[in-house]
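A.B. asks: Quick paste of what TrEMBL says about this protein:
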- A:6-23: transmembrane segment (TRANSMEM)
- A:18-153: domain 'DUF1468' (DOMAIN)
- A:44-63: transmembrane segment (TRANSMEM)
- A:92-123: transmembrane segment (TRANSMEM)
- A:135-156: transmembrane segment (TRANSMEM)
Amino acid sequence: MVDMRVFARIATPLAMIVCIFLLSGRIFDNPRAAQMIPDSFGPAFWPTWLLWGVGICCALWALHEFWMLRKAPAAAAPAEEPKDEEEYDTKLAWIGMAVVFVYAYLIQQIGFPIATFLFLITWCLLGGYRRPVKVLLVGLLGTMAFLYMFVMIALMPLDRGHGVFDDITVATYRLLGIY
Amino acid sequence: MESFELLLTGLGNALSLYNFGVLVIGMMVGTVAGALPGISFVNAMAMALPFTYMMQPTMAMTFLGGIYVGGVFGGSISSILINIPGTPASLPACWDGYPMTKKGLSKRALRIALTSSAIGGFASALLLTFGSPPFARFALTFDQPEFFAATVLGLVSVIAIAKDAPVITMVSLFLGMLVATVGVDPMYGMARFTFGIADAQSGINFTVVMIGLFAIGEVVDLMCSKMNLNPKADSEAGQGFKLSEFPMIQWAVARATALGCVIGTIPGAGATVAAVIAYGIEKQASKRGKQFGTGVEEGLAAPEAAKNATTGAAMIPLLTLGIPGSAATAIMLAALMLHGIAPGPLLFTSDTTMVYTIFASMLLANLLMVAAALMVARGFSTLMKTPTAVLGAFIIVLSILGAYSVRNNFFDVWVCLGCGVAGYIMKRTGFPSAPLVLGVILGPLAERYFLTSLANYDNNVFIFVERPISGTILFLATIFCLWALWPMLRGAWPAKASGLADPDSAAPHKPGSARG
């Protein structure tokens, strides 16, 4: 049976070549307009050259992986997981990434202060820090610190949210003396 | 004499209340960030970027310079005290620093590291101060083909530094350059790779890519690696290091400083490469070479001096040519550009006061580093008790704010998060991310210089080799490229990357943090 990591090492450059091929036809939204430019060093020249560069390097990479596999299959397929990999929680990483994406989405929907307060608490809990009072304090004081630094001092136009959340954000700013 | 007068003016500005204040704060932030394993000074600089919007350009550069200098040293505190390098460049400090701690000589090890770093950094800042102006005068003779050739040299040296995995490094570099082509092209105003997304027409800002790759991905990785930052009390502080003992390490420091200054000027090299090479050279040069790894003073002093000697030197190509050679100097470039300042030879004539204030700040930073590092080392155990989850949460909020503040546009936040996912995958798979970042930065410069050169010289593609300076630079770039590819061409291509995990260098790295 083929080791998944060996498969991934060969599949990655090949998948990239496929992507490069697909991208080469999508440089412009309107390719006809680009064709009207007579200059041989037009807007397509540089990205096309780069696509060729990535494609050739990926082909060399794939060849090298094949060569390594043929030369020393045992070396190409590590027999066991490294020790630190056993302690590593990959699932948590993807959950963490999802939380960050949700946080970014929520900033636009419910406003920066509420989203940040919720995010700080969620991330602390996700990271294994589970002392309720301290977590709440981190969320509250952290959000206040960010608001003072970026809204009051740096005058950054951060999202206030929609509907009722906009009202809550404005009320929070007034309470903190920012608005 | 004129340089001295300008330096004195710069020193006066650097010592003004606000500039000095932000320099000290920057030093402290950098040293703390460097000392915390998993958070590098590059992360700290990326997170500090939004704070620079409310500062004057000189103050912003002083602040970032402080973080840079403090952060490069800060990593050695955790290397020496708990055998976990705070930054990859501090890995060699584990090899002889931690054995000294185990022998009960942690105070001595810290003082040797601090003295060596301060000397290396100060010498590098002197090189920046007195080497940059003549180089900038020379660079004034450059036209577009020369700038294109210099940019190509920067791109090629990134590949040359990562000699063990040149093809993967090239893939990363080309991908970065490709990412940078998103948006409207510089000559004809046609949108490329926008896929109908209106926000994408304004392009992808390299700061956003850097924050995503170096901050978000790192924080997620730090949370999942369940790294315990709490230090173990291994030993007593023990005896210190007296000034009268300095001759013991003076030649090690001198050799490493010279080496660090040279490596620092090469785009893509960075502090890790300098520290590792300095350790190797010192092992050969020292009479106690065979004892290295058991707590030898020279073995600690050499890499420490070398890594800090790269700080000032790395700023020479940034300020004189506008070409950043590392992630740290790229953030400085971002800070300058956000204030509407284009670094390059003209900066030395148009804004001399600012340039010399930056030089003076770098000199001061290396002196202040001693005080900042001693304070951080004393409060180290308290600092390490900060839960990684709390640290991570704050870093992510700062990163998102940093990405948003580049153009006050939420599209940049999504790009940053996308790069965060990519950065995480790259870190776990050992795919080098630093070449990608340098590709995003240098790619648009290379394209612009290439196209404007052709436009200025009747589409003559031979202009790059016909002009003596650009021809020489391109010849050097070819030699670099062949040198990098030589093992592959000989059929002796090594299987694995070197394992130097430096966010500030172009060298590829293994997944996970380097631990002694």
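Keep in mind that glycine also has a Cβ here, set from the backbone N, Cα and C atoms.
Where the annotation comes from TrEMBL, it is an automatic prediction and has not been curated.
Structural setting of the listed features?
C.D. replies: Here the transmembrane segment (A:6-23) has Cβ contacts under 8 Å with residues 51, 54-55, 58-59, 61-62, 65-66, 69, 76-77 of the same chain, all six or more residues outside its ends.
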A.B. asks: Mind checking which residues of the chain, 6+ beyond the ends of the transmembrane segment (A:92-123), have their Cβ under 8 Å from one of its Cβ atoms?
C.D. replies: 135-136, 138-140, 142-143, 146-147, 151, 158-162, 165-166, 168-169, 172-173
A.B. asks: Could you count the residues of the domain 'DUF1468' (A:18-153) that DSSP puts in helix, in strand and in coil?
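C.D. replies: Its residues fall into 105 helix, 0 strand, 31 coil.
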